[in-house]
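Each remark here refers to the structure printed beneath this line.
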Amino acid sequence: SCFGYPLSIFFIVINEFCERFSYYGMRAVLVLYFKYFLRWDDNFSTAIYHTFVALCYLTPILGALIADSWLGKFKTIVSLSIVYTIGQAVMAVSSINDMTDQNRDGNPDNIAVHVGLSMTGLILIAIGTGGIKPCVSAFGGDQFEDHQEKQRRRFFSFFYLAINAGSLISTVITPILRAQECGIHSKQQCYPLAFGVPAALMAVSLIVFLAGSGMYKKVQPQGNIMVQVCKCIGFAIKNRFRHRSREYPKREHWLDWASEKYDKRLIAQTKMVLKVLFLYIPLPMFWALFDQQGSRWTLQATTMDGNFGALQIQPDQMQTVNPILIVIMVPVVDAVIYPLIQKCKINFTPLRKMTVGMFLAGLAFVAAALLQVQIDKTLPVFPAAGQSQIKIINLGNNNADVTFLPDLQNVTVPPMGSTGYRMFETSQLKSVIINFGSENGSEIIDSTSSNTHTVTIKNAATGIVSSLRSDNFTSKPEEGKNLVRFVNNLPETINVTMGDTNFGMLEETSISNYSPFSGGRTDDIVVTTGSTNCKATSEVLGYGGAFTIVINQCSDTVTQLRYIEDIQPNTVHMAWQIPQYFILTCGEVVFSVTGLEFSYSQAPSNMKSVLQAGWLLTVAVGNIIVLIVAGASKLSEQWAEYVLFAGLLFAVCIIFSVMAYFYTYVDPNEVEAQLDEEEKKKQIKEDLNSYEKESEAVSRM
């Protein structure tokens, strides 16, 4: 022992820290991996993410059955940890871009290989993490003797701290690893590193757990109470169906039909468990909202500005707000809020706390919807089917009159000015007529290959010079990157380099293609003419924008650049997500913590594992609800989906409050004491009857 604790528990706590680091680190970047690496859209990425989470909370039932009925906790943890480690390793391999990038263009050539490996890895991870979830904490509790109750309670506190520490640290680190660039043939976001580090931590977790093998107290499997409960319920239903005729008298409770096969104690305990499980029916709706932190809220953060001065916060790092607030809010609520409510003579029962928690989660999604409305105002409008848009950039020193044919709209573009994108029906945008005073020119618009165009115009000495470029973008730049292109406004051909990217040779008025650059930073710009190299440093362009940089002058000491904003960068700051995280975390504190406390207080001593399985099942069903609602709603606006989920939770909250109003609290210890007393009286009666029979037999002799 060490400080009064079994030495073995230190291996278990370290094991749990590494495992939680592995799970939450992988999960933090998962939805962005789906969106940016596998190139799935937001809805499908969200669907697969929640399917995975649901599976992670369904498999604990399997793990508990294997541990209690077959292998025991130790062998179950070891076996499923190996499966878990293999799954994490497969996930890391699946994200190696160069594995199928035969043409070295930076994109996988066979995406099906990556999808197949990813799904295999996720299934193995779900089996592993879910299977060991109900075993590790219980195995730690087994290490203590009966007289070490105080140490056992403190162990569970350390255990919970290890869970939150692993979650918090990994959610900070893995997005940073993801944001790095790595690769053999082309530099891409480093998902292999972001998944590889959690895989390594899971391997460390397994090694640490095995290292303490000789010190563990290993309890042999003694059968699973969950199986007995299910058999009891099944027999009661079957027996009631057999005796459905009116000639059989009714019984006080339908479970009493199991009395022919099962003892009174098991039936009474099952009644108490079912009473609590009935209250669990509305609870999945809370988890349906809560677990969208890792999907919809993370995707929302990708359209926001993560610049916090010296820090650049990645979208998937915003999930760290929840564990940070949990660490702060749990002691505040326990030490300040609840005592104040008690002083106000308010009977704040556990079920009322849970109702408030559900209501707060609904409010958090109302806040998310309001934020989404503000984000949507900053998003550009892209042409739909049958539409085209065009931007005119005047590189000359005089006003230019531009007419769009056959629509006949007319616009005057000032010197060194631009129009911004103008929307047309494709049939009404075939060409543009350009007039500089008495000089005129034209450009033919071909919308078959692209429906977004830019035209540069200039009244040069030789007449009107113009260039047409198809812009070829249909959405904002992803991952907070910027798109940058250059326009040559010099009377000679130039070569342009920005950072490590060469834009090639540009003739007068010609426009380069867009190239992506990381947001929030500056890059060196080098312009090379026939006889001169001139240098400049780019402006800080923000995040998620598209820019045209016009080169107006290049000499030995002067480089004159003009910046035109094609797509507005992200302007809504990520800090505006903190209120919705705060409200949701407050809801979690009064819902989740109280729910577990309530469940344990209402459950018989030998059936707490059944309620634990039921609680985890509500999380799984909540994630399935996300799949159903998001798939069936067909809402085109994200804010409307947030409002839908909030409305559903408010409705469920009302139903739950009615159920809670009619719930009668019980004391399982009192019920079990009564059963003990009845069994004791029954045993005494049987002993007396046996004694009387023996006495009669003796007297006859």
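Residue numbers in this text run from 1 along the chain shown.
Placement of Cβ uses the backbone N, Cα and C atoms for every residue, glycine included.
These features come from TrEMBL:
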- 44-65: transmembrane segment (TRANSMEM)
- 77-96: transmembrane segment (TRANSMEM)
- 111-136: transmembrane segment (TRANSMEM)
- 157-177: transmembrane segment (TRANSMEM)
- 197-216: transmembrane segment (TRANSMEM)
- 272-290: transmembrane segment (TRANSMEM)
- 324-341: transmembrane segment (TRANSMEM)
- 353-373: transmembrane segment (TRANSMEM)
- 610-630: transmembrane segment (TRANSMEM)
- 642-663: transmembrane segment (TRANSMEM)
- 674-701: coiled coil (COILED)
| query | Restricting to the same chain and to residues at least six past its boundaries, which positions have a Cβ under 8 Å from a Cβ of the transmembrane segment (197-216)? | reply | 6-8, 10-12, 14-16, 18-19, 21-23, 25-26, 74, 77-78, 81-82, 84-85, 88-89, 91-92, 139, 143, 170, 173-174, 177
| message | Suppose you look only at the coiled coil (674-701); what would the mean pLDDT be? | response | 72
| request: State, in range form, which of 44-65, 324-341, 353-373 has the highest count of Cβ pairs under 8 Å to the transmembrane segment (111-136). | output: 44-65
| note | Spatial neighbours of the transmembrane segment (77-96) not adjacent in sequence (6+ beyond its ends, CB under 8 Å) are 19, 22, 26, 33, 37, 63, 67, 71, 114, 117-118, 120-129, 131-132, 135-136, 139, 191-192, 194-196, 198-199, 202-203, 205-206, 209-210
| said: Six or more residues beyond either end and a Cβ under 8 Å away: which residues meet both conditions relative to the transmembrane segment (642-663)? | reply: 275, 278-279, 282-283, 285-286, 288-289, 292, 296, 349, 351-352, 354-355, 358-359, 361-363, 365-366, 368-369, 372, 629, 633, 635
| field | Sequence-remote partners of the transmembrane segment (272-290) [C-beta within less than 8 Å, at least six residues beyond its ends] | value | 229, 233, 255, 351, 354, 357-358, 361-362, 364-365, 584, 587-588, 591, 595, 598-599, 602-604, 607, 610-611, 614-615, 617-619, 621-626, 629, 645-646, 648-649, 652-653, 655-656, 659-660, 663, 666, 668, 671
| Beyond the flanks of the transmembrane segment (324-341) by at least 6 residues, Cβ under 8 Å | 164, 168, 348, 581-582, 585-586, 588-590, 593
| field | Distant-in-sequence neighbours of the transmembrane segment (353-373), which means Cβ under 8 A and at least six residues beyond its ends | value | 283, 285-286, 289-290, 296-297, 300, 572, 576-577, 579-581, 583-584, 586-592, 594-595, 598, 637-640, 642-643, 645-647, 649-650, 652-653, 656-657, 660
